[in-house]
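S.K.: Before I ask anything, here is the structure I am working with.
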Amino acid sequence: PIIEELNQYKQIWDGLILVAAIFNSFAVPLEYVITELETNSDYQMVDLLINFLFLVDIIIGFRTTFFDAQGMEVRDARQIAMNYLRGLFVVDFLSSIPYRYVRQVLPFVSVLSPLKILKITRISRFGPFVQKLELDEGDKATLKI
């Protein structure tokens, strides 16, 4: 099914993904400083859940309408997929890779470890979402940081 961008449930989903992205924006840098985090089972479960949510969000991204330059909502599945591939897909994909688990299965790709910092880039897509929230301008500015 096609998901409308302005659908109430899609907005709730985007809020959940925003919370996960905010968590990652703090947690990923902390992993470089507090190496024990990577072996903490509670942290690993949260990280796994967030990776799963991000993967589901990619699927949703391929099915969510968008507004074209004329302000018309595009509902054609092929156009939606192409728009997503040309837009946010790369950021979403790179921020969804479970680097820790890839490294466990394929230890020779430990060179990917620094790429984990790319998980933080996912938060950059939420500027328009933050603008729609009913918050005062100071809170919106804080969330955009």
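Just so you know, glycine gets a Cβ as well, placed from its N, Cα and C.
Per TrEMBL, domain 'Ion transport' is recorded for 11-132. Annotation source TrEMBL lists transmembrane segment at 12-33, 45-62.
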S.K.: Report, as numbers and ranges, every residue of the chain located at least six residues beyond the transmembrane segment (45-62) whose Cβ falls under 8 Å of a Cβ in that stretch; write 'none' if there are none.
M.R.: 3, 10, 13, 16-17, 20, 23-24, 27, 80-81, 84, 88-89, 92-93, 95-98, 100-101, 122
S.K.: Counting each residue once, how many in the domain 'Ion transport' (11-132) are helix, strand and coil under DSSP?
M.R.: 100 helix, 5 strand, 17 coil
S.K.: What average pLDDT is reported by the model for the domain 'Ion transport' (11-132)?
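M.R.: Within the domain 'Ion transport' (11-132), the model's average pLDDT equals 86.
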